[in-house]
């Protein structure tokens, strides 16, 4: 009975089943027709302000539905991009991402966004991603997912640009003219914000500003310089070049902020027609490195934040006094340059000794050379700098060479350089125009016992070897001083505005001092510039050498001088020069050297002086290259093992790891 029931049940199921598809019977089979994708409403909440309302799935990167797009790391990234980049490049990056994740749909057809818009955003915003060590998102690859105007693209930022133009118009009506240019925010800038500000300044003043990198820190952070010139990127004949360097010690931060503000100020004032700033930029090539030690700055910021949980202010100051001072290798960068001062002292009794263009001794390269030091040394050697200042904190004074005492035991002792009078003049130029530095009642720190109205000889104050200002003077044509900006190394944020107010006139006055003294060209009888000719000033045992095209600059204070020019194979030429007080531009003094046999006294002098070949031997054994290669390999391994702070936000349970976010993967 049960068997019959089972057979009957099978018969019923077969008879009730739909007829099988048999190609032999016409009309019995109907082919399956897949519905074509249609335009649908944009329902992604972070894309609801796009200049269109219809999209289509699959989208440009293959998400088949809105739900799949919302579940991806790509959509998560654009949803948090504002906080991730600290407000930078938002909503541009978000809207570009939406143009790929929820592309524009018209007449049942997907339209692709314009490549030119993507490329402009990449140029403007790539540094913001570098600042958090994140790779440029793959779905914003301008060549893969964006097309040209000829291919019928559309501008995904069209609505945004219209809003920005309207906002700009409104702000022009509301704000006075002087506030329409780049405004300074008196807050501490993170490394990413600093780079972003410099890039924005470059973009706003593209005719006179340029950013460029001189290298990277031990932890891979960019050492970014912003340059101001009437012809950025090129040296101009007889135009002096000067530099400012801040944050050499990572926890001494006022100089870093001042140099960021200075870059913004130079840009905005030039655009507003400030004649003084326009003259300065049109006649001087200015280089600004706000942070030489970005790694130390990160440590210093963390130390300050950690100590802010305590209530004891004295303890707070003591605990943070040296946090972040050194670089990531725990190297004090202002003790890491070659000690050329000792070499100069050891040669004092030699006939014909010199205190200029002293070569870097080979043994230096077998020590521990920081990548930041190496980058700055190469920079100093590659640009014909005339004048420089580096900024520190912990005192209120301008110090000048030498930094190393001539005392046999290196005890603090007045140790003037041959150009002592010039250095004092330069130091006073800054101290006297600073709001309080030359006021004895405002003095603070250990320099008070010996400083004179805000200036002091470095070795008399605190003797040390391997300093940057001595290296500049003894290795190149550049004269550098050190500016201590106050006894609080990391002052409260509300003091930044006061710091700018106290220093901005001094910053400008010191830059103008690059035009102090004389300048000119040394040529042969045929009018060709002579490179490497020596410019000597009687009674000052420190020479300047000519650069490309035979040009030179020689900083001198007002007075009467006997100046001579010499070069191997040429006769000596001499001129008497009078520099009256109040000169605002360097006096022009050219020389023409006649061919002659080398002078005997020159031969005798050269026997005690290393040849130019010795001077040109920069890292002759490639010690630093091998060292940095090992450091980079180690660093890359660490980066692979230790993911960035933001990584955990993008790793979704059960989903693939978004390794495309990792810069060094």
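The backbone N, Cα and C atoms fix where each Cβ goes, glycine too.
Residues or ranges marked as active site, proton donor/acceptor in TrEMBL: 484. The C-beta environment of residue 484 (active site, proton donor/acceptor), restricted to residues of the same chain at least 6 apart in sequence and closer than 8 Å, consists of 392, 393, 394, 395, 396, 397, 398, 399, 445, 447.
For 118-142, the entry in TrEMBL reads disulfide bond. Taking Cβ-Cβ distances under 8 Å and a sequence separation of 6 or more, the neighbours of residue 142 (disulfide bond) in its chain are 115, 118, 119, 122.
Positions annotated as domain 'FZ' by TrEMBL: 34-156.
What TrEMBL lists as domain 'Peptidase M14' is 187-514. Averaged across the domain 'Peptidase M14' (187-514), pLDDT in this predicted model comes to 91.
Positions annotated as signal peptide by TrEMBL: 1-16.
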Cβ neighbour count within 10 Å of residue 118 (disulfide bond): 25
